[in-house]
Structure formats: structure tokens, C-alpha cells
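Student: The structure is given below, and queries will be raised subsequently.
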Amino acid sequence: MVQALNCIVAVAQNMGIGKQGNLPWPRLMNDFKHFQRMTTTSSVPDKQNLVIMGKKTWFSIPEKNRPLKGRINVVLSKELKELPHRAHFLAKSLDDALKLTEQPELANKVDMVWIIGGSSVYKEAMSYPCDLKLFVTRIMQDFECDTFFPEFDLEKYKLLIEYPSVLSNVQEEKSIKYKFEVYEKNH
């Protein structure tokens, strides 16, 4: 059984995370590098992190970048019958995806589990009975969005003042200010 989950997301002030299958803001290189570093870096030699994403998130990744390198890619879908091209695993639910980590072929290969979207996958992960960290890139302005991050209770989530390898100062790229935040919920 998975002891902890990590969610990583970039959100606008209005809690928007997407528009028509894309990010609603221009690509922010330092945020992209932060996402890569956090989801790829394993704390255990010879293990990889596992990234879980919904079908729409998988197909929003440019084909040349699928699967996300250096990570075990799991796509969640109740509709898909076949594994999407180049994905490593297909699961019907978050529970099924997490059970994969107990299978012999993955049991000794997976370090951390990262939820990378979309909205319904985040919502399911946030109600999962385990410790959870939310790695939030807080975009400090509104953007027009059609997909939103689920509301979360700040009474249950503690904002960590510092976290290893996460910058705490405000960043700015392409006239967009943002900051990295880490929240923790203990089960």
C-alpha cells in the first residue's frame, strides 16, 4: 500500500489549471524545470518515480515528449481499452494505478508516486487515505481557464515554510510572477 502521494500542479489565482487541453499561460521555463526535477529525481538509487495522469493530460503532452522520460508513466482512463502508444501502464482508477506498485515487476522499482493531472485525478488523490504533499506553482494572476484545481481545506493542509530544492522566492518570466509552495497533509 502506498504510504504517500505527491501532487504537482501550476494554478492561476482563480485556481485554473488548463484551457482547451493546454496551459492557459505561456510556458514558464523555470516552472517546467521544477516539474521535471521534482517528478524525475528519485531519493533511492536504482529506482524511478511513477507519474499518474488522466487520459487528457497524457494526450496534452506533445507526442515527441511521451512518455515522460526517466519516469514510469501510468495513464488513468475508464474508457480506453488499450494502452496508449508509448505509455507504460493503463489503469481504470487511482486505486488500480497504486496497486501496480505492488506488482512484482514494479515493487522494487518505484520510489515516489506523483499525480500530474488532471482535475479529477487531483481530486481523487486528495481524498486518498495517505500522507499527501501538494507542490503548487502559484501563478500570481488570473487566466481564462476551463479546467480548475479542486478546492482544498487549508485547515487540513499545512504550508511548509521551506522544502529541500524548492525555491521560496517569487519568480518572474515573460512578465508573469509566480512562486513555488509545498503543502502537506498527514493522514
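Backbone N, Cα and C atoms are what each Cβ position is placed from, and that goes for glycine too.
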Student: For the substrate site that Swiss-Prot assigns to ASP31, PHE32, LYS33, HIS34, PHE35, GLN36, which of the candidates ARG66, ARG71 is also assigned?
Tutor: ARG71
Student: Measuring Cα to Cα, tell me the gap between GLN36 (substrate binding site) and GLY21 (NADP(+) binding site) in whole angstrom.
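Tutor: Taking the Cα atoms only, GLN36 (substrate binding site) lies 19 Å from GLY21 (NADP(+) binding site).
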Student: Rounded to the nearest angstrom, how far is the Cα of ALA10 (NADP(+) binding site) from the Cα of ASP31 (substrate binding site)?
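Tutor: ASP31 (substrate binding site) to ALA10 (NADP(+) binding site), Cα-Cα distance: 8 Å.
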Student: Just to be sure I understand the packing, how many Cβ atoms besides its own are within 10 Å of the Cβ of HIS34 (substrate binding site)?
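Tutor: Around HIS34 (substrate binding site), other Cβ atoms within 10 Å: 21.
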Student: Look up GLY118 (NADP(+) binding site) in the DSSP assignment and reduce it to helix, strand or coil.
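Tutor: Assignment for GLY118 (NADP(+) binding site) reads coil.
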